[in-house]
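Written out below as structure tokens is the structure these notes cover.
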Amino acid sequence: MNIKLISTIVSIAFVSFIMQWWQADFIYTRKAMELGQWWRIVTSQFVHTNWAHYLLNMSSLGLLGLLFYTTLHVRTFTISLFLLVLSVGTCLHIFVTSLHWYAGLSGALYGLYVVAAYSALKKKDYFMGISVGLLVSGKVAADHFFGAIHDNSSLIDAHVVIEAHNYGVLSAFVLIALDAIYNYIKRKPNKTI
């Protein structure tokens, strides 16, 4: 068992649990951003609209750990999570100007599942990599064409910001492309003149 990965996920869930008690101090609001509270780009993704939303996101994070504990390195997970949270929050702020407030980790989670699927493919776990990759792609496509599942909005007492999911997946593809380029350059033999 990948104890480091599971410990990291449990730590994130714990910190998110603590932050939930002071949700108003951490949630993304456009007005707070205009006042210079830029940390909310990151912190907003670790607080949630209600406890059901918290449990939904933390369950998804836990499932990711269980599905990929043999193929996802804790360093890959941690770096990817940080970059995805930063990217999703920044993209929402810049490109979704109608968004006045935001909370939740789902955008970064979508991206993490894509990164984890890629990691599984690199470790030759084709079944898990392809299955999860197709499921995430299908869910993003369904949300795009048919809208978010209404029950989810009711559960979290808020509108589901599907743009966050899209930015999470797109950001994950950028991370994967950068990893592929890095690995290509690293393997390429040096040519001397």
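Yeah, the Cβs are placed from backbone N, Cα and C, and that goes for glycine too.
What TrEMBL says about a protein is an automatic prediction, not a curated fact.
The shown structure was predicted, so the numbers you read here are calculated from the model rather than taken from an experiment.
Positions annotated as domain 'Peptidase S54 rhomboid' by TrEMBL: 36-178.
Sequence-remote contacts of a segment are chain residues at least 6 beyond its ends whose Cβ falls under 8 Å from one of its Cβ atoms, and for the transmembrane segment (5-23) they are 43, 46-48, 51, 54, 57-58, 61-62, 64-65, 68-69, 72-74, 77-78, 81, 103, 105. Among the features that TrEMBL reports, transmembrane segment is placed at 5-23 (among others).
The feature transmembrane segment is assigned by TrEMBL to 51-69 (among others).
Residues annotated as transmembrane segment in TrEMBL: 76-95 (among others).
For 101-121 (among others), the entry in TrEMBL reads transmembrane segment.
For 126-147 (among others), the entry in TrEMBL reads transmembrane segment.
Residues annotated as transmembrane segment in TrEMBL: 167-185 (among others). Distant neighbours of the transmembrane segment (167-185): 80, 83-84, 87-88, 91-92, 95, 106-112, 114-115, 118, 136-137, 140; these residues of the same chain sit at least 6 beyond its ends, with a Cβ under 8 Å from one of its Cβ atoms.
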Contact set, same chain, for the transmembrane segment (126-147): CB under 8 Å, 6 or more residues outside the stretch: 67-68, 71, 110, 113-114, 116-120, 160, 162, 165-166, 169
